[in-house]
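Copied over from TrEMBL:
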type: DOMAIN; residues: 289-322; note: domain 'EGF-like'
type: DOMAIN; residues: 577-616; note: domain 'EGF-like'
type: DOMAIN; residues: 808-845; note: domain 'EGF-like'
type: REPEAT; residues: 68-110; note: repeat 'LDL-receptor class B'
type: REPEAT; residues: 111-153; note: repeat 'LDL-receptor class B'
type: REPEAT; residues: 154-197; note: repeat 'LDL-receptor class B'
type: REPEAT; residues: 198-240; note: repeat 'LDL-receptor class B'
type: REPEAT; residues: 363-405; note: repeat 'LDL-receptor class B'
type: REPEAT; residues: 406-448; note: repeat 'LDL-receptor class B'
type: REPEAT; residues: 493-535; note: repeat 'LDL-receptor class B'
type: REPEAT; residues: 632-674; note: repeat 'LDL-receptor class B'
type: REPEAT; residues: 675-718; note: repeat 'LDL-receptor class B'
type: REPEAT; residues: 719-760; note: repeat 'LDL-receptor class B'
type: REPEAT; residues: 893-935; note: repeat 'LDL-receptor class B'
type: REPEAT; residues: 936-978; note: repeat 'LDL-receptor class B'
Amino acid sequence: GSFQHSLCPPPLVHLALKGDCCLTAEEPVLLFANRIDIRQVLPHRSEYTLLLNNLENAIALDFHHSKELVFWSDVTLDRIMRANLNGSNVEEVVSTGLESPGGLAIDWIHDKLYWTDSGTSRIEVANLDGTHRKVLLWQNLEKPRAIALNPMEGTIYWTDWGNTPRIEYSNMDGSNRRIIADTHLFWPNGLTIDYAGHRMYWVDAKHHVIERADLDGRNRKAVISQGLPHPFAITVFEDSLYWTDWHTKSINSANKFTGKNQEIIRNKLHFPMDIHTLHPQRQPAGRNRCGDNNGGCTHLCLPSSKDYTCACPTGFRLDKFLLFARRMDIRRISFDTDDLSDDVIPLADVRSAVALDWDSKDDYVYWTDVSTDSISRAKWDGSNQEVVVDTSLESPAGLAIDWVTNKLYWTDAGTDRIEVSNTDGTMRTVLIWENLDRPRDIVVDPVGGFMYWTDWGANPKIERAGMDASNRLVIISSNLTWPNGLAIDYESQCLYWADAGMKTIEYASLDGSHRKVLIGNNLPHPFGLTLYGERIYWTDWQAKSIQKCISIAAASFFVPVLLAHGFLILFSIVHTACEVNNGGCSHLCLLAPLPKGYSCTCPTGINLQSDGKTCSSGLLTTDGLAVDAIGRKIYWTDTGTNRIEVGNLDGSMRKVLVWQNLDSPRAIALYHEMGYMYWTDWGENAKLERAGMDGSGRVVLISNNLGWPNGLAVDKAGSQLLWADAHTERIEAADLNGANRRTLLSPVQHPYGLTLLDSYIYWTDWQTRSIHRADKDTGANVILVRANLPGLMDIQAVDRARPLGFNKCGVRNGGCSHLCLPHPTGFSCACPTGIQLKRDEQTCDSSPETYLLFSSRASIRRISLDTSDHTDVHIPVPELNNVISLDYDSVDGKIYYTDVFLDVIRRADLNGSNMETVIGQGLKTTDGLAVDWVARNLYWTDTGRNTIEVARLDGSSRKVLINNSLDEPRAIAVFPKKGYLFWTDWGHIAKIERANLDGSERKILINTDLGWPNGLTLDYDTRRSVKDFPILT
């Protein structure tokens, strides 16, 4: 081979080996996966180059030579990835529905990606970008492993090391499948095709052999049968075989005809896996059977031995389908195709999906997750995913969609409730909370206006009520153990259920009469249940399968359909009173059985007025929060930051009032007329404190015999403070200055929130899950207000009849430009955090004069140096995920920052507005960023691509400035006046370098006594650079 010192023109391999030297196409490169990275090695020189690093578990790989792409599978992430052959533009290709993708092959003629998965026991195909994915082969596959293509002939070859190890082939459209070897095989791992020699070679790790055969399996012969401890993958080039070995951690070669001339190409590798010869000869030209117009196919055009086949992606035809949850994902099976193979809906963060339902009107799938205690929804293609309910849920195990009025019903076995909301989670209300033990599944019948649910508590039963909770009735209560899934047959007006304890599936009329056993064949653990046509489908936890009964009428024959784990669903225009003007309801219109037809209901905490249609405002429940209704301010405590803050009711003009000597501030209460605020602190030294509502005159009122002082209330009429302590199990009172302390109630189990109304105190209790009431002066006459309310937090009483007091700040905000805050003798003007008050003591500066900007991954914050509190202020920049580096352009007042989760560089105004993407493509790990405020340029380092780049501040005119001899460039700084660029590199040999702003005259400044040089800044006054290092632990 030969080398050139220039840019690599086609058809040269675009891979730099040393400096700018390029390898010519005549010399092969061995491309191999090494679990944690992908590397390349020259077989005759042992030159060794890193292509991609920081991988999790790269196993299989292949390349597309003409498109200069490398593809690999990761069996830890269960992903198939791709990147450019120079290591740039790493992206996910297939990210769902994979379990153990151990084999991968590229059709370089028809631009298709094929892969094997020994976990799902499938061979699949997709476009190179992962679109139009189709399950190609699924029957009689056990553990498919290696895969190789011959696109010139339209054939596919694969190994299977299941119970019956074999090597098979078929056309690339899945037709004409045949076994070509099934004897003397145990672990057939690697497989490769010698296109010129019309042979295939494979390795068997158990028999320690490399064999070859003709492409039809004839003339099989062992090539090497010694010195092969654990061969894994194999490739061929010209007269040589190359293979990886797990035991020796090496890449080896030998003559392909004789097996002789064995040599070690490279050893002491991390964990060599798949291997390929990167060379155009390994991907020879051939006839594209699909031609220029994709064979006229709308989606997939798959070649066969003589022609091609048009194919649809799996699950593409979705007129009739089955949905099921499998804990970590949600899948569907289309009944419109013959294979009945499942298709994963691409969803994020599904941890423990249990219940699900389908809204055919809006094409949404809804599901509950008992790990995140949430209810979510997404379109059928995985788009528009959002959480609709994520508060006060403990074990939401049942879910049902009322597709007529767009309502969402669910059961919660943790809170023992049945609730309803709009399908977007708004207007949520509790429907049933009494006499529920362990509610499980729920189904609704909008036609009849009923809902049905199972309860497998101490007294198992199946109940029915109107969808507005009216007319509740137990319809089945005998011979039940663990009644699980429910399903309604709307045509026959029957209710079906599965019982995991009785191990049966039964049915009855909708009123519970005419009960019959459908399947009593000792089912292991039936869970979910659904009906479609004449068939009934159910999931089984123990068998980990979906089963179907061929006929509901004759239920003696049922077969397993698919390995799964979880739950199911499938789907009449109904006219109701709710469809016209929402039934006249101001909020929720819920269906009910005739003759009533419907009823109006209010969200939890809001009362229905006497007209039976309109909801009025109700209780406000908060935590560490107090509203100054007179001064129109909101005060709150923050245990995480140990601060007490204030702001306007719309959240503007936010100011930190108290930040020193706070440990865990909890409850807060206000007395505007007196100008005081009170708060509890249950840190290491629990106490109750008071200050002016502007933070002045702070004093500790009570600091002894306190444990967890939770609730706090001010009794203005009685001039006393009241608080609840969950550790001492008391509710106590004292004068407003802390004197005359006395116990009102003891013991109380675990009081949390506390409030006053008229002559009573009300409190919430975590232990009793209840709201209680007592006399405020004596603690006598204790009564239970409401029980069975798990998840109780704060409580506030609202008396709308009580007039507001006098506003100390008057009608003109006390003359203050920003905040007017009361104190005992009057009021004071104040500014938002970090901004100084001018000498007139009324007006605030528009912004801080000097401040620090810093990133904390999911936020960008500012610390003013003008004020003594040095409190950080959140800058409301949207869509922050993992912000690493940032800089500020003082000319335009813009913040520039990198987000390595999204791989973007963005900018925004200092108030967080006008966010825009400056660089949105071709980034991998941008760890450093610097603004040249003079020439109006933006510089950045990319640790993933090992480059330093520059562009105009708007992202235009982008250019790679430096891309050689960089290992892991990190921080970057500019000195525009001198025309210098500085950066740190904490690769194998850590160093700090300098160059001109155009990348010329590069120079190493420091390369000794450095570990991980991270931060870098310049002192422009003394012309010194200051670096900082992480603490090594």
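Cβ atoms here come from the backbone N, Cα and C positions, even for glycine.
Since this is a predicted model, take the numbers as computed values, not measurements.
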**Q.** Composition by DSSP (helix, strand, coil) of residues within the repeat 'LDL-receptor class B' (719-760)
**A.** 0 helix, 24 strand, 18 coil
Q: For the repeat 'LDL-receptor class B' (406-448), could you work out the same-chain residues 6 or more beyond its ends whose Cβ comes under 8 Å from its Cβ atoms?
A: 355, 359, 361-362, 364, 366, 368, 375, 377, 387-389, 392-400, 454-459, 465, 467-469, 472, 483-488, 490, 495, 510, 528-529, 572, 574, 576, 587-588, 590-591, 593, 601-604, 788-791
Q) Same-chain Cβ contacts of the repeat 'LDL-receptor class B' (198-240) under 8 Å, 6 or more residues past its ends? A) 28, 30, 32, 43, 146, 148, 150, 153, 155, 157, 159, 167, 169, 180-181, 184-192, 246-248, 253-259, 262, 272-277, 279, 281-282
(Q) With Cβ-Cβ distances below 8 Å as the criterion, list the same-chain residues six or more beyond the ends of the repeat 'LDL-receptor class B' (363-405) that contact it, or say none. (A) 96, 318, 323, 325, 330, 332, 345-357, 411-415, 421, 423-425, 428, 439-444, 446, 451, 453-454, 467, 571, 574, 576, 578-579, 589-591, 790-791
Q.
I'd like the per-state residue tally for the repeat 'LDL-receptor class B' (893-935) from DSSP, helix first, then strand, then coil.
A. 0 helix, 21 strand, 22 coil
